[in-house]
Structure formats: C-alpha cells, structure tokens
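I grabbed these lines from Swiss-Prot:
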- G123, I143, G144, D145, Y146, V147, L148: S-adenosyl-L-methionine binding site (BINDING)
Amino acid sequence: MAADEELSGVWQARVVTLFPDAFPGVLGLSLTGKALQDGRWQLHTHDLRSFGVGKHRNVDDTPAGGGAGMVMRADVVGPAIEAAQRFARGRWPILYMSPRGRPFTQKMAKDLARCDGVTVLCGRFEGVDERVLEHFGVTEVSIGDYVLTGGEIAAQTVLDATVRLLPGVLGNAESTVEESHSNGLLEHPQYTRPAIWEGHAIPEVLMSGNHAEIAKWRAAQSHRLTQSRRPDLWAAKGAKE
C-alpha cells in the first residue's frame, strides 16, 4: 500500500526489508488479511535495495575486524529506517528481528497492539551494523533459539500475533481470553463433533452441560499441561502469585 493511501488513526506496520514481495504473505490471508482489506490495520514495506550504495545498490560489506559473512551497512539501513519513521506517530517502537533479541511473548504482542504502529527491520547475512541499532534505539526481538536466513518470517510471526489482538480483528473477542499464554498458562485441550472418533470419546464432563464443572476441568487441564510442557511458565506463574 502506498504511503499516500494511509488511513488516519489506523494501526500501522512498516517493514524494512530486502524482500518486500514477501509481504503481506500469510498476513494477507484469513482474519489478518480480511482486517487488512477492511482497513483495520495497514502494512507498508520499505525496500532496502532502493537505499543501496553505488552502481549495484550494495547493501552490505565485510565485517570490521574480519570474519565470515557480510554485514548490512549503516548508511543503507539508517536512511531506510528514517524513511519509515517519517510516518511514525505517538507510541511507535522500532523492532529488529534477531536471534540474540528479547524473547517474543504474548505480553509483548499485547503491548505492541496498544501502540499506534511499529517499524520492523528484517535482517539478512550476519546482521546489521550495531551503530544503527544504537542510533535509533532499536529493540531486538527473537521468536526462538534458532537462526533463520532472514527476518521476514519472524516479522510476520510478530505481526500476526499483534494484529489479531487489534479491536475488531477476531470475530470472538473471548478467544483471546482463553487461549494459551493469555493468563500465563497453556490452553486446555479442545474437542468438537463427532462425539466419538476412532474409538476416542470426548470427555464426559464437556458433554454434561455443567458449566461450573467444565470450567473446573479446563482449569485443571491447563495447569497439568503447563506443568508438564512448560515448567518455566509454571514457575513464573507461581512466583507472581
């Protein structure tokens, strides 16, 4: 979407990337895609290549001090971020998708959804010149303890988790209340028809119509799953209480 097509007051994502064609990607599908079409949020990309230097629009160079790979240049990434930030207003953080960043969490998604927008920098190669991150006060964010070939997939993950929390994006707002991580715990198991499949029956309590017992069962299952699969979350939950 072009900059002159902005809708006033709508939550925006501005993505600085070498591969603008990667967007909207999955963000253009399902609920996030419908919300994008309906103008509930906006997505703009800024092509790093257009800020490249020299005849070949170079965006990277060899690491200072030696080493493998290439590093994205400050005099390329810097102007690209400045171009994106010209449209920033109010609370508008700049994120850099990086395996050394802060772990992305549901709480972070909620915080981003309360902002007016976000600029996301997608790295490539060995990363970005550190001076850019320091100059713009960029927050480094990681979606897990592994390395991707670039930040585009990670950026879409962060944006998907955030956009679905914006008002009016989800058909049922209660979905965000009961799902995993909404209260620091993993979500309870879900079932639907048929009542019996391949010899496996839906737990009787869920078919009982007793809402108090159903709520009790779901809470117990949520606790059980969190304890067994995410002891770190369980410990953090206990510490808060």
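Just so it is clear, glycine is given a Cβ too, placed from its N, Cα and C backbone atoms.
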Can you check which residue among the binding-site residues G123, G144 has the largest number of Cβ atoms within 10 Å of its own?
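Sorting the candidates by Cβ neighbours within 10 Å, the top entry is G123.
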Look at each of the binding-site residues, I143, V147, L148, and point out the one with the fewest other Cβ atoms around it within 10 Å.
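Selected from the binding-site residues I143, V147, L148 on minimum Cβ neighbours within 10 Å: V147.
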With S-adenosyl-L-methionine as the bound species and G123, I143, G144, D145, Y146, V147, L148 as its recorded binding residues, calculate the greatest Cα-Cα distance and give it in Å as a whole number.
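Between the most distant Cα atoms of the S-adenosyl-L-methionine site, 16 Å.
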